[in-house]
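Visitor: Attaching a single structure in structure tokens format; questions to follow.
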Amino acid sequence: MAARQGVIARYAARLPITPATPRITLFEGETPSIPAPRLCAEMGLGSLHLKFEGLNPTGSFKDRGMVVAVARALEDGSAALVCASTGNTSASAAAYGARFGLRTLVVIPSGRISVGKLVQAQVHGAEILAIDGNFDVALSAVRSLAAELPVTLVNSVNPHRIEGQKTAAFEIVDDLGDAPEVVAIPVGNAGNITAYWRGFREYFAEGLCSRLPRMIGAQAAGAAPLVRGRPVADPDTVATAIRIGNPASWQGAIDARDQSEGAILAVDDADILVAQRDLAMVEGVFCEPASAASLAVLRAAVRDRLVAPGTAALCVLTGNGLKDLAVASEGLRAPVLVASDAASIAAALGLR
Ligand code: AN7
């Protein structure tokens with residue numbers, strides 16, 4: 001295995017960088033596609049891998065696109081990064097801003113991002129404002145702000161974000177030897193499904209994979225504008241990362257769905273939470289609720305026969321489970337208090 005390089009150095013020839021673009025990195029990307037044999041058997045699939053993006057430096061896939069956006073911002077002499085966020089974009093922007101010397105300005109929907117993500121942005125020194133409105137309102141506000149001021153918008157409407165994120169598709173093919181037949185992926189603002197589809201198409205066009213995957217997108221039932229075919233004014237879901245009612249990359253998601261002969265389906269919060277727990281209990285991988293929507297949608301697609309037995313499938317797990325402990329801890333039993341001697345511990349465990 002070659003030494004870690006990070007997204008820009010590893011895929012420089014396939015990214016929108018110039019000789020003057022600084023080759024920055026926090027060693028993002030190069031995340032594993034982890035085999036999930038027990039969930040694979042449960043669904044009767046041919047293979048199942050989990051692309052665990054929670055292992056990126058700030059714990060989500062956002063770092064792949066952020067490094068490219070920040071490198072270009074530095075090249076352009078920008079003074080600051082600005083974003084709206086459901087949490088992960090702001091955590092990533094704050095880390096890269098801190099490391100590479102740019103102010104980071106964040107607008108979040110008040111009370112609706114996980115504490116872990118908010119604290120990440122805070123510890124990295126971002127300047128954070130909360131609005132009494134949802135992500136869609138916050139994004140609209142920062143788009144207007146960035147149009148008027150010499151700051152760089154680092155939401156996925158920044159095309160360099162999508163370019164960086166497409167490298168996850170390259171890695172899947174590089175690691176597995178070909179594209180999966182089906183890729184299940186959560187969809188919020190729809191930048192990531194757009195990026196994966198672009199990445200697979202670029203590799204396919206160069207003959208680096210023999211097939212294109214069908215893209216199966218997952219939206220939370222209470223925040224499913226792409227499934228309903230119109231924006232949702234008041235999106236709601238336990239998966240706060242994808243609590244988005246009017247995705248910026250709407251057309252990108254529709255193109256990925258239609259060109260790949262895939263689907264975008266709604267999954268209930270209850271099914272998302274069961275999927276999160278199953279991934280942790282059965283495969284040893286702890287992802288955040290939005291990420292678990294990919295397993296929930298794959299299960300639904302298998303059940304509804306959209307995905308046939310024997311298929312080679314992959315779920316994109318976009319963020320780390322440690323991001324949102326409040327949701328994950330609901331319904332868990334507290335540790336039993338015992339005396340500190342071995343006999344008491346053994347007795348409490350039923351070992352004698
Ligand atoms: C864990 O951080 O929109 O469809 O502001 O954090 O590309 O938006 C996060 C989105 C999936 C959806 N999984 O990806 C933000 C933000 C996780 C996420 C998505 C997000 P897109």
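The backbone N, Cα and C atoms fix where each Cβ goes, glycine too.
From TrEMBL, here are the annotated features:
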- 24-319: domain 'Tryptophan synthase beta chain-like PALP' (DOMAIN)
- Lys62: N6-(pyridoxal phosphate)lysine (MOD_RES)
- Asn88, Gly188, Asn189, Ala190, Gly191, Asn192, Thr318: pyridoxal 5'-phosphate binding site (BINDING)
Visitor: Could you tell me the mean pLDDT over the domain 'Tryptophan synthase beta chain-like PALP' (24-319), as a whole number?
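Guide: Across the domain 'Tryptophan synthase beta chain-like PALP' (24-319), the average pLDDT comes out at 98.
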Visitor: Enter the number of other CB atoms within 10 angstroms of the CB of Asn189 (pyridoxal 5'-phosphate binding site).
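Guide: A count of 27.
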Visitor: If you measure from the CA of the residue listed as 'N6-(pyridoxal phosphate)lysine' out to 10 Å, which binding-site residues from the list Asn88, Asn189, Ala190, Thr318 are inside that radius?
Guide: Asn88, Thr318
Visitor: Just going by other Cβ atoms within 10 Å, which of the binding-site residues Gly188, Gly191 has the emptiest spot?
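Guide: Each of the binding-site residues Gly188, Gly191 was scored; lowest Cβ tally within 10 Å is Gly191.
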Visitor: What three-state secondary structure does DSSP assign to Thr318 (pyridoxal 5'-phosphate binding site)?
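Guide: Where Thr318 (pyridoxal 5'-phosphate binding site) sits, the three-state DSSP reduction gives coil.
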Visitor: Tell me the Cβ neighbour count for Asn192 (pyridoxal 5'-phosphate binding site), meaning other Cβ atoms within 10 Å of its Cβ, over all protein chains shown.
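Guide: For Asn192 (pyridoxal 5'-phosphate binding site), the count of other Cβ atoms within 10 Å is 30.
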Visitor: Inside 8 A of the center formed by the CB atoms of Asn88, Gly188, Asn189, Ala190, Gly191, Asn192, Thr318, which other residues of the chain have their CB, for the recorded pyridoxal 5'-phosphate site?
Guide: Phe61, Ser156, Pro186, Val187, Ile193, Ala241, Ile242, Ile244
Visitor: I want to verify one value. Collapsing DSSP to three states, which class is Asn88 (pyridoxal 5'-phosphate binding site)?
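Guide: Looking at the DSSP assignment, Asn88 (pyridoxal 5'-phosphate binding site) belongs to a helix.
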Visitor: Restricting to the record's pyridoxal 5'-phosphate-binding residues (Asn88, Gly188, Asn189, Ala190, Gly191, Asn192, Thr318), give me the longest CA-CA distance in Å as a whole number.
Guide: 14
Visitor: Using DSSP and three states only, what is the residue listed as 'N6-(pyridoxal phosphate)lysine'?
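Guide: Going by the DSSP assignment, the residue listed as 'N6-(pyridoxal phosphate)lysine' falls within a helical segment, counted as helix.
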